[in-house]
Every structure is written in C-alpha cells, then in structure tokens.
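Q: Sending over a structure as structure tokens; questions will come in a sec.
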Amino acid sequence: MSAQKRRRGGDADSADLEDVEDHEDDKEESGMIDSDDAEGDEEDGLSSNKALRREHQADVHAAGADDSDDDEDDDEDDGRDELDKADECGKVKKIECTNFMCHRRLEVNLGRHINFITGQNGSGKSAIVAALQICLGLSARNTKRGSKLSNLIRHGSNADAIVAVELLNEGPTAYKPDLYGPVIRIERVLKPSGTSSFRILNAKTKKCVSTQRRTVDDMVSRFNTFVDNPSCILDQETSKTFLRGSAKDKYNVFMRATNLEALEHLFLKEEHERARAKAALEERKKNFTIFEDKLQVVKKEIQQVDGLENHEQNLKQAKNELVWIKAQRQQDKCKVAEQEYERLHSKTEAKRKDMETYQQRVDEAEAGYESFRADVEQKQQDLVAQEDKVKRTEATLVELGKKQRAISKQLTAGKRLIQHLEDDHKKKDKERANLARDAQSRNEQKFKEAQRLREEIDEKTKDREELASRAEIAQQHMSNRHVSEDNDEERLRDLQQQLSDKKREHSQLEQNLRSLKDSAQDPKMAFGKDLPHVLNLLERNKDRFSRMPVHIGLGCKLKDQRWRIPVEHHLRNTLRNFVVAKNSDYLIMKDLCSQARIQCPQTVIMKFQDARHSIPEGRRFRSNIEGVFSFEDVLEIQDPNVYNALVDSAQIESCGLCESSTKATQVAFEDQPQGLNRLYDTHANCYQVRKSGSHYKQSGPQNRNWPPFFVNDTREFQNEARESMRIVSGDIRALENQVAQTMRAIKKQEEHFAQLRQEFNHCRRRKDALESQIEDLNSRLDRAEADVTNDDSINIKRDSLTQMMENLEADIAEKRESLRRLEGDRADLESEMEPLKAQCAQLKKQEELKREALEESHRELKRVRMTSEQDVVKLQRAQESLKKWEEREKVKKEEFDLLDTALKRARTAALQFTNGEEIDVTNKDEAEVKAAIEASQKALHQDRQQFEEQYGGDSVAVIKERLMGKYDRLKQDKKAEKAKIKYHLDILGRFKKSNRLRVKKTLDLRSFVEERMQKIFESNLSYRNHSGSVNIDQENGTLNFTWAKSGDSQMSQTQASQEVKDAGQLSGGESSFTSLAFLMALGSVMKSPWRVMDEFDVFMDQDNRKLSLELIVDAARKPSKLTNKCQFILITPHDVSSVAGAPDVHKIRMRPPESDFGRAQQTTLS
C-alpha cells in the first residue's frame, strides 16, 4: 500500500466517525439497554420485574387512551360470552391464612362479582388484604403492617405462617392452563428468620408446578393484578390518607394509581444512564484522537521510505513511456486509417439500408396493388349485384304498372257502360213523361176540376203538414230539451267533478312543493316529514333495542340518476320502511312514536345477519347484456341487513333495468335471461318476464314518486311543481267559467221551452181545423175522379217503362259497386308501388355511390401502380450507388490492414521492453519524457546517499516492513475505538428514541386517564344529584375537587355559582362521598380482574354511606371495556344490610375479636 492510499484510508475513517456523530439523532433502533442498577431487594419489593410490570400497565393505559370514549357505552352482545370467560382469569376464588397476623386459621371463599367483608374493628378484616398482598409478592414494608415478613407471624407463635390464594385460570387469557389447570393456588411460607418461599400449584391436582418468585411475577403481570397499586388494592392507610390528606397527598395517590409515578422514576433512571453513556463517549473520542495523531507520524515515516521507491519507479516509468510513445505514433496512423474505413463502411451500410428500404417499398407497393385490385374486383361484384337488385325492383314495378293500367282500362270501360245505362234510363224516363203528358192532354178537361181540388187539397195538406211539422219540431225541441237539459246537467256535474279534481290536484301540488322544500333543507324528510324526529327518538333510546333499527331508504344510494324513476317506482313503499331485528324492538319503536304523538313508520321485522343472503344463481339476475343492468348494479347498499330487507320485501335480486323500451321488449319477450322476473325501462314501464308469456304494463304519471328520494338538488322539481300549479290554476279558472256558462245556458233553455210549448199548442189547434177542411175536399175529389175514364193501355205501358227503369237502376248500382272494387284494387297497387319506388330510388342511389367508389378505387389502383414503378427506378439507382461504395471500402480496408500489421509489430516490441505492461502515454511529449528520465536519475542518486545516513545498513524493504507493521497495529486500535464510539452513539440513540416513545405514551395515558376519570367522576356525583370536577396541577403536584349542587332547576345563575365549593369547604359527608366518587373513577381506568377497597366509608354518615354503597354496587354492575364484570372485595366495619341480596352479591361477616384471635374458621354469609 502506498502512502497516498493509506492517507486516503485514514481520512475515510475520520469522515465515517463524523458522519456517525452527525446522525446521532436519526437512529431508528428502539429499546433501552439494561441498567446495572436494575436489581432490587426483598425488603423493598421493587425488583426489575415489578418495574417491567408497571411499564406494561402504563402501556395498557396508553393503548386504551387511543380508544374513543364512546366505547364504554357500547352494549353490543356480540362476543360478550367470550369476553366474560376472558375476564374470569385472575379473579380470587379463595384466601387462606394459617398462623398469620391475628388469625390461627382463616379460609374465605369469595364470589366472582361483589363481595362485602364486614366485622368489628380488630376482627382481622384488613389481615385478609395483607394476606392477598403478601401472597402475590408484596413486601411487608409496603403493606404497612410491619418492617419485615417475620412481623406478620401470629404473635406468640414460633411456627411458620402460611398464606394462600386461589386464582381462576379459565378463558383465552389463561396462564399456561395445560400446567396450572382451571384454578391456580399460590402459597407463601413466612419463616421466623425473615425469609419466605413460594409454591405455585395446580389446585385441581394439588401438584406443585413451580417454586420461583419469577413465576408469581409473570402470573401477576399476565392477569394485570398490581398489588402495590391503589387502584387495585386500596388499603386502610391509603384510604385514610386520601380522605383526610392534603392536595399533595391526593396527587401522590393519583400518581401511584395511574403508574405515572413509576414512569417518572423510569425517566430519572434513564437520564442517569444517558449521562453515563455520554461521559463514556467523550472518553472514547479522546482516545480516538490520540490514535489518529500516532498514525499521522507513522504515515510521514512511511512516505519518506516510499520516496526512494518512487524515484526508481519514476525512472522506469519514464523509460517505458518513451518506448510506448513511439508505438503510440504508429497507433495514431492506424487509427486515422481505421476511422476512414469506418466512415466508408458506415456510408456503404447506409446505402445498403437505402436499397433495402426501396426494396421493401417495392414489395409493399406490389402487395398494396394486389390488395387494391382485389378490392376493385369486390366492388365490381357488389356493383353488379346492386344493378341486379335495381333491375329486379324495376321489373316488379313494371309488372305492377301493367296491372294498374289493366285496372284503369277496366275502370274506363265500366264508367262508359254506366254512362250508357244512365242514358238509357233518361230515355225511358222521358218516354214515361211523354206518355203521361199524352194522357194528361186527353183528360185535361176532365182533370181540371180534379186538379183544382187536388191543388187545394195539396195546399191544405201542405199547410197541415207545415203545422204538423211545426208541432212536431216544437215537440221534438221539447223532447230534445229534456235530453239537452239532462246532457247539460250531466255536463255541469262533469265540470264540477273536474273542478273538484283540479282543486285536489292543486292541493296535492302545494303539498308536494312543501315536501320538496322540506327535503331540500333536510334530505331525510323526502322519506317522510316525521323521519328526522323518529331517528332522533331512536338515537336517544338506542340502549333499549337489541339492535339499532335501520332505515332502508337512508341505507341506499343511487349511482346513476337516469334510473331514479324506475327504482323509486319499484321501491317507493319499501324505502320508507325501517328494519328491526325483533318484534320486541318494533313494539319499543311503536311505543316511542306513540308517546311522541307521531305515526310509527312501517317496519320490516327480520333477523340481523350482518351478511348478505346467499341467493342461488337460478333466482339471481346478473346482467351480461349491453344496456341492461340489475338493481345491484345501480344501487349502492353498504348495510347487508338493508340489502336482505330489499331482497325479502321487493325481490331486487330478480329485477332489471333497461335503457330503451325496444331493448326491454326484446329482452322480456325473446332473450328472457335466467333469474329475471321483472324489467323496467327509464319511464318505469314494467315488463313481467314469464317463460309461458311475458306481460307489459305501461306506467302513468300517478306512478311517479313525490317527492323524489334520490335527488340532492330539488330546485328543478320545485320549478316543475310551480309550473304544474300555474297550469292547474289556469285549468281551474277555465272550468269555473265553463260551469258559469253551462248554468246560464240551462236558464236560457228553460225560457225557450216555454215558448216552444205555446207554439206547439197553437199548431195543434190549426192542424185540427185544416184536417176537417181536407176531409171535405177529398170527398169532392172522389166524386170528380169517378167521372174520369180509365185508360188501361197507358197504364200497362207506363208500368213496363217503370220496370225497365228499375232494372237499369239495378245494373247501374251493380256496375258502380264493381267500379268501387276496382278503385280499391288500384289504390292497393299504388300503396304497394310507393315503397317499391322508394326502394328502387334508394337502390339506384346506392348503385351510384358504389359506382363512384369503384371509379375512385380504379384511380387509386392506377396511382399505386405509378408509385410502384417509381420505387423500382429508385431501387435500381440505389443498387448502382451501393456497388461504387463497396469498391471504395475494399481499397481502404487493404490500406488499414497494412497499417495494423505495422502497429502490432511496434506494440510487441514495446511489451517486451516493459515486461508485458501497457502504459498510457496520452498527451505525453517525447522531449519532456527524456528530460524526466535525466531528472529521475539525478534525484535517485541523492536519495540513496541520504537513506544510508538515516537508517544505517538496513535495506529499504526491511525498514518499510517494520513501519507497515506498526501502522497496521495503530489502525486496528483506531478501528476498535471507533466501534466503541459507534456502540455508545447507538446507546444514546436508543435512549432518545425510548424517551420520545415514553413521553408520548405518558401524555396519551395522562390525557386518557384525566378525561375518563372526569367523566366517571361527574357520573358518580350524580347519585347525590350534584356535579363537580377534578383539578390536577402537575407543576405544583396537587389534586383538588370542585363540587356544586345541580338538582334545583329554578336556582339562578348567581346562586348556582355561589354553591360551587372546593374540597376544603365541603362537609365531612360531602368530602368523603366526593373522595369515594373520585376513587371509583380512578379505579375505572385500571384493567384488573379484581379491586379491593378497605374502610372506604370510614368518615361517612349513614346517608352518605348508603349512597356510597349504591354507587359502588351500580359501578360494579355497569360493565365497560376495562372493568367488565370486575370482582369487587369491599371491607367495612359498618352494616351493609341496605345492600339488597342478589346472586352477584356475596356478604362475609367476621367473628368479633376474642382473646385468642382466629381460633375458629370465620362465618361466610351468602
């Protein structure tokens, strides 16, 4: 290793050290190193295991601080049985004392929930607490019953004292249940010498599993039973200190109970360890600097030794460079030739690529030409087929035209025949008229008188008929008047009914507009104006329901507004319903609505499964048709119970939606996909899909839901409702006008009826007079006609002409009927020809378009052909150019090969001179290299003389080896010192990370504890109908209460403010009850299977003691996530008969104290 490289290595080490120091704060490793001071003694009972347990308890609290406060009010039944089993672990089943304190032998069996231990002072109640603490590992000093364990042995006895506790061990959190079984028995033997021993047994098999204290500590940590924590065991001294102590005493109890005190001790110990680590780091840095100085001295000596070697190497290097400079000159020539060859080669390759490109273009043009030609042929065939279609259509038109012309000819001939028959009819009529005139002329004289009589009779008859007609008209008008009157009255009733309908419609529109405005303010009111009130009722009374009722409409969201009308049409009744889990929930809901005087919404009673129904594929519709969707595709339903209710009530799993009615018809009547029973289009028209025959039902305006459920912005619907109201108002005004006009018309008709009756009576009287006159004239006419001679020949001829005319009329009618049939046939032909003419015109137009496309393809084919020919010419030119460049490349290649051979000979000679080493002589000048050779020879001579004078006769290699060994040893020492520095930096980084984590957890724990404790404290004070708060001053280390009455609602604000008191102003009973309320709140933050409270009511009067017992029992029965079914052991010298007996309450009464304490087993009351 040269001196320069070694120097770079040393600098790198220094840079690494600086980098480690700069990034000390960025360490990501977590955890604390073990302290040398972590060992504890038996007397104090503060071992490292207990410190870890306290840290574990603090972690439990900090984790709980992240949960929402609302979790403590959750009454969900799901998983409650499993949680109950888990909470059984660690509960005390039995406590036994032998020769302990005042007891010769004592056995106490405890209930799993609430236990009261009562008895007179001196009866040994508190000894039970001490036995529990000692058995679970606490020292005698911490029980405040003695300075050492031997003080707890019964007075006057020389035998060992034995305390035993049996703990339940069932559930998911059991401690090694395969070894210890369902019940663990812990025994501790106290010897008069002051020592003790443990035995941990399986209570069922009586087998001793362990005798290690560590096992007890692990078990206690597992069950979260911290016997030195006031929240777990509140002994007499702590209770009295808190009840009568100062604000600082209360703060100290608070800190111990929440383990914040233990965390502060850990912080202090951590700071001490951190200071020690910093001092050690500074010492290592000083040693590191000393090693660096020594290394620099050795480096300088090595550099002096290396100087001589450098001169020799420089001289050899200069000679080698001179040889390679000559070879470099030859290489430059070869390189120039090579570059020229490469240039020619690249040019040739470019020409070759051009030729290939042209060849490819020619091939592509040929392929394109063939493709275009095939396309032209195809278009030619299409044009021929189109011409055939046109010809066939034209032939059909020609054939139909022939039929039309034939029918036209028949029509013309028929018209001519009819004209001829009509002419014959006119002639016969004229002959009959002439015959009549002849007869008239012969009998003119005879008929004059008869004619005059007839005329007079006719005139009278006309007058009579006119009068009869007038009478009939008047009578008909009167009859029509009744019909018209009935019609007018019917029309009047219809108009009044329409007017009433319009007014109801106007009222409905006003109601809809109000509903729209309400739903715009609160979207929930779209499902009913009372829905917000109902939801508020349910939220306030949610604890009364087994499962909270769910509103179906609020649980659905529409993804696309175009499906709003059909979805609301199908679900309009179901969306307003609620879903409840049980019939009892429905009755509760109905009762709440009845009390609030609102109508109870319709309800679907269905078991909540919290998972969607499993529907067979044959009954479930899944759309794989474009434009057809299932209800599940357009509805977003998060709650599975809402989805199940829609499936059960509205069968949405078999309903579909379609974008158009045409598509819907095809799907319903033809496709009929599996699982589809009902299909709607966007207008809510319904298609009942049946294999036996589908059915269509049109939806009317009445099927529209109002107000709409799935619309956020109702302004458009409000404008629509206003416009509809305006139109209906106009209709109402028009109907009112029509009603008035109809009533006026009825009045006018009544007046006209009176006039008609008068006219009818007048005409009837005149008609009777004219009939008598006509009867007289007829008798006179009969006499006149009797004188007239009858002419039979004229009558026969006249009858013949009449018969002939009737025959002609029948022929004319028949021919006209035939003409009508021909006209119908011609109209049918014309209607048949019209679409054919349109089709023919369309086919001709398509033929023209195809002809134009064919011509365009011909032009494109010609252009492609011309392009192909041009590319062929370019390809030939490229081939000629490539041939020329290839010849030039060949000549330059031969020249390069000659120069390359000369270069190889020169390099071989240079390699032989330099022993196979190739030297880079770029930018080296031959004259400068020669001058360097002379200077190196001179400097080498001078250094050799100086070296011999300084180091004597040792060789350069020996001296250098000795210096290198010294350098390596110093470097290893420096590296070891650097590793130690990194180790200490790592420790400091861990300290810092651990400190950040602990500070965060402590702040979270403190915030959680204070917030939860304040809430429960206020709840506890409500037993006295009071309120209050806890004031914690962390800086001064004090804890105080404020207390106020809140029962009198008529108290003024000034009076209420005057009633606020601090702890010093409270009476004895108030102070004791307030302190107990705080202790209960403080205990609620401790997750422990049991709590012990000794003489908690020592300073209370009877009333406050009764309230306190109610508070404790209610708190014990009220579950929460931290204290669910916690076991309470309550010790008091007072009577607890006010506590009602219950299965979860267990009372134990101690015998009165005797001269020989604990002579017999105590009595247990249940």
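Cβ atoms here come from the backbone N, Cα and C positions, even for glycine.
So TrEMBL lists these for the protein:
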REGION    1-83  region 'Disordered'
COMPBIAS  13-28  compositional bias 'Acidic residues'
COMPBIAS  34-45  compositional bias 'Acidic residues'
COMPBIAS  66-81  compositional bias 'Acidic residues'
DOMAIN    94-319  domain 'Rad50/SbcC-type AAA'
COMPBIAS  420-469  compositional bias 'Basic and acidic residues'
REGION    420-525  region 'Disordered'
COMPBIAS  482-508  compositional bias 'Basic and acidic residues'
COILED    732-895  coiled coil
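So that I understand the layout, could you describe where these features sit and how close they are to other parts?
A: Remote same-chain partners of the compositional bias 'Basic and acidic residues' (482-508), defined as residues 6 or more beyond its termini with a Cβ less than 8 Å from a stretch Cβ, comprise 725, 728-729, 731-732, 735-736, 738-739, 742-743, 745-746, 749.
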Q: Average the per-residue pLDDT over the coiled coil (732-895) and send me the rounded value.
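A: Summing pLDDT over the coiled coil (732-895) and dividing by its length gives 79.
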Q: Quick check on the compositional bias 'Basic and acidic residues' (420-469): DSSP residue counts for helix, strand, coil, in that order please.
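A: Residue counts for the compositional bias 'Basic and acidic residues' (420-469) by secondary structure: 49 helix, 0 strand, 1 coil.
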Q: With DSSP helix as H/G/I and strand as E/B, how many residues of the compositional bias 'Basic and acidic residues' (482-508) fall in helix, strand and coil?
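A: With helix first, then strand, then coil, the compositional bias 'Basic and acidic residues' (482-508) has 27 helix, 0 strand, 0 coil.
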